Amino acid sequence: MRHQGQSIFRILSLDGGGVWGVVLAMALGRLFGKDTPGHEILRVFDLAAGTSTGSLVLAGLLENMTPAKIQNLFLDERTRRNFFAPTQNLFYRLLSFLGFIPRYQEKGKARAIRELLPGLKTRILAEAAALVPRPNSKAPLHLLVIAFDYDRNVAAFFRSKVTRSPGWGSGGESDFSVAEVVDASTTAPVAYFDAPSQLYLEKRCMRFWDGAMGGYNNPVLAAVTEAIVLGANPQEIVALSLGTRRVALPPAPAGETRSPLFRNPTPSGLLQDARKAATVILDDPPDSATFLAHVLTGGSQGLWSETDSRIIRMCPMISPVLTPDGIWKPPGNLDEKEFSILAQMRMDELAPAHLQRMVNYASLWMEDLVPNQPVRMDYDKLECEIGYSSFHAAWDAWKKAISEPPAIFRGPSFS
């Protein structure tokens, strides 16, 4: 794909979301084939980025796992319980009733990640990237995993190679193994794991939290920025941004206080606010990254419609739908009780029944029976303003973006 002598730069961006990461595996399976080896999927892209559970899915692809195998990792109860092993800290266990006290041991998670990624326990990102064949490109796949530096209070970017450009500065290559950077990126604090991830470099201990703590639960904006520093033309970037889920409820009508379909004011107070502060950044956080990436890549300029985007966002919305007669109802075949359960499910759900609910909902999403998250949306009316309101609409946009020449672009410049 050529435009004025330049190649289209393709990005794969994978969100965080805990065990909701099963949705990422299912989406990859639908888009590329559930039995397609991970390297065959990654060779489509110039850059792949992941945060938290997205980094784990990315590592699975680097292990050459198929989407089906990655999906089964999430569905295997033993694997989930190894990842979320109960903390041994007696003080935390005694205070667990508060709802925002660490429940899981970080050391157990680190051990579980090493077991899941046997081929990547010692390989650094650059070595893992070199395993992905890219016959049509001289450049290796660029990898980006995001965490939060606990001691410096800044986002931490683990790269497979140095990124530098005049006027942009320089970002270093990671010396940590893939398993280590995944451990760093998945250490959700406060209400989840009992300590920061600890990585050692020449006897120096470096501590990390989940990348969402730096505002990068959705890494697409960081990935687009990285691509530009690597030399990509912003308007020649196309990103496939896969999310785990987004809960969005319309405001409650006057007098409606009980229905789970609507956004009702919640009680405030010390405990309630502390609980919300401990989880809001990690568990279904607010997401502006997709729209900012859309702006950074030129918006709809050069595309067929002002609602089109170079950022192909695919993420199931847990939202009611409006019937033609103006009544809000649960999507698909759900009733209000089932909808309420889904809307309240956390990123650390362990019960098999809850994982099956996630799978069922993702299946409805991929059949266009539940909404897809747009790039920009009216959050009161739940109307798509920019982007694609259904899975297949987004999929069609992605297929146009990777066609030869890319049909998503308007005009003769790509011919």
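FYI, residue positions are counted from 1 along the chain as it appears here.
Cβ coordinates are placed from backbone N, Cα and C, and glycine is handled just like the others.
Residues or ranges marked as active site, nucleophile in TrEMBL: Ser52. Positions annotated as active site, proton acceptor by TrEMBL: Asp210. The domain 'PNPLA' feature in TrEMBL is assigned to 12-224. Annotation source TrEMBL lists motif 'GXGXXG' at 16-21. Annotated motif 'GXSXG' per TrEMBL: 50-54, in sequence order. Summarising the annotation, TrEMBL assigns transmembrane segment to 12-32.
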Inset, instruction - Write down the Cα-Cα distance for Ser52 (active site, nucleophile) and Asp210 (active site, proton acceptor), rounded and given in Å. - result: 6
Legend entry - Structural state census, the motif 'GXGXXG' (16-21) (DSSP three-state): 4 helix, 0 strand, 2 coil
Inset, instruction - Can you check how the pLDDT averages out over the domain 'PNPLA' (12-224)? - result: 93
Legend entry - Count of other CB atoms lying within 10 Å of the CB belonging to Asp210 (active site, proton acceptor): 29
